[in-house]
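The 1D-myo-inositol 3-phosphate binding site annotation in Swiss-Prot covers His2, Asp13, Ala14, Gly15, Gly16, Leu17, Asn18, Arg71, Tyr104, Thr128, Arg148. What Swiss-Prot records for Gln8, Pro9, Gly16, Arg222, Lys227, Glu310, Glu318 is UDP-N-acetyl-alpha-D-glucosamine binding site. Under the heading Mg(2+) binding site, Swiss-Prot lists Tyr297, Arg298, Ala300, Thr324.
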Amino acid sequence: MHTSPMEQPGTGDAGGLNVYVVELSRQLAALGVEVEVFTRAVSSKLPTSAELAPGVTVRHVDAGPFEEIHREDLPAWLCAFTADVLRAEAGHEPGYFDVIHSHYWLSGQVALAVARRWGVPFVHTSHTLAKIKNGALAVGDRPEPPGRLLGEQEVIAGSTRLIASTADERGHLIDLYDADPDRVDVVAPGVDLETFRPGDPAQSRARLGLDRDGDLLLFVGRIQPLKAPDLLLHAAAELLRRDPTRRSRLTVAVVGGPSGSGLEQPDALVKLAADLGISDLVRFQPPAPQHELAHWYRAATAVVVPSHSESFGLVALEAQACGTPVVAAAVGGLRTAVADGVSGLLVAGRDPARYADTLDRLLRQPHWRSRLAAGAVGRAAGFGWSATARGVLRSYRHALSPAAVAV
């Protein structure tokens, strides 16, 4: 409800969830499942429906003004969204939909009401959990509101089945939300192995206008406190403090847009780079389509994912699929996405000096980087979207079985 699969990931509220819904829908359609995606219309110019891929239809629901609405204000439009979904179903024969799959707690609220009305099971994927986010808040982040905590609990309790991205998330659902262990399936997200694959770093650097021989540290994602791009800037400044000669060969690229804003260069990060004395090294880029993003990954010496929390971390998978080692926070799903010491390196804590230590070792040892790069490709190879779709389809079948827990 809060974002559309048609939007460009990396800005506003568009991120890994968008990629997940798009790729999962495509792969489910390839398995013979007819998919309809309901999302809120943010413009009066959008068609009522559009084909995302063969077998996948996106339906734009009228709920609220035709503009972006802050997530905290969206609960006021849940009833309108639900009513429009019910109207869409009324145009079909009874029993047209077999199962509902909701993504994020807001959509889960709609699914809960609609599933009861239609008498069909519903499967829910949280993507993020309020209790986990509130336990790992960044400076400048607002805690998730009580309404989300209550709504999320209701969705988790009322779903037919739950899909967790990792065993850790499954544990959180059981321990923090009292989810029935027998109703929670673990299905890892995937990566598009056709788009994100190894290539010639020199060609990618030439395409992007980057120095052929320098070191490139890359951040990809929404510019928000949770993702902590500021930590990368502090770590880069620490690298230069230790070795000023690095300045001539080091570039830090931040590819993404600020969450909830249309600005291409987030003012706070620009100011931080200036305050740290590294403005000349930092390159801000707007969100890039996937085919261009793959060039950024291939061009990078290392991709840095310093998030405070991640349910999985698709950026880490995409980078590894391109053969680039990842330096990531040892939190949440990143501990599953990245094989520490094999495909990348996990850093405990929030100290920029620790990141600088890790990056320093990586930059100084090209042979070690090469081993990690090979390990990265192997790690990502086990996470194709087709495997994700098969796992999700198994969850649907469990939900549809007579023994499924009633909604």
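Each Cβ is built from the backbone N, Cα and C atoms, and glycine gets one as well.
Recorded features from Swiss-Prot, shown on the structure.
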residue : record                                        : Cβ contacts under 8 Å, 6 or more apart
Lys227  : UDP-N-acetyl-alpha-D-glucosamine binding site : Phe219, Gly221, Gly256, Pro306, Ser307, His308
Tyr297  : Mg(2+) binding site                           : Phe196, Leu218, Val220, Val303, Glu318, Ala319, Ala321, Cys322, Thr324
Arg298  : Mg(2+) binding site                           : Pro198, Gly199, Asp200, Pro201, Ser204, Cys322, Gly323, Thr324
Glu310  : UDP-N-acetyl-alpha-D-glucosamine binding site : Ala329, Val331, Gly332, Gly333, Leu334
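Taking the mean position of the Cβ atoms of Tyr297, Arg298, Ala300, Thr324 as the Mg(2+) site, the remaining residues of that chain whose Cβ falls within 8 Å of it are Pro201, Ser204, Leu218, Ala294, His295, Trp296, Ala299, Val303, Ala319, Cys322, Gly323. According to DSSP, Thr324 (Mg(2+) binding site) is assigned to coil rather than to any helix or strand. Around the Cβ of Arg222 (UDP-N-acetyl-alpha-D-glucosamine binding site), the number of neighbouring Cβ atoms within 10 Å comes to 23. Each residue contributes its Cα atom, and for Arg148 (1D-myo-inositol 3-phosphate binding site) and Arg222 (UDP-N-acetyl-alpha-D-glucosamine binding site) those atoms are 21 Å apart. Note on proximity: of the binding-site residues Gly16, Asn18, Tyr104, Ala300, the one nearest Arg222 (UDP-N-acetyl-alpha-D-glucosamine binding site) is Gly16, by Cα distance. Across the structure, Ala300 (Mg(2+) binding site) and Asn18 (1D-myo-inositol 3-phosphate binding site) are spaced 24 Å apart at their Cα atoms. In this structure, Arg298 (Mg(2+) binding site) is part of a helix by DSSP.
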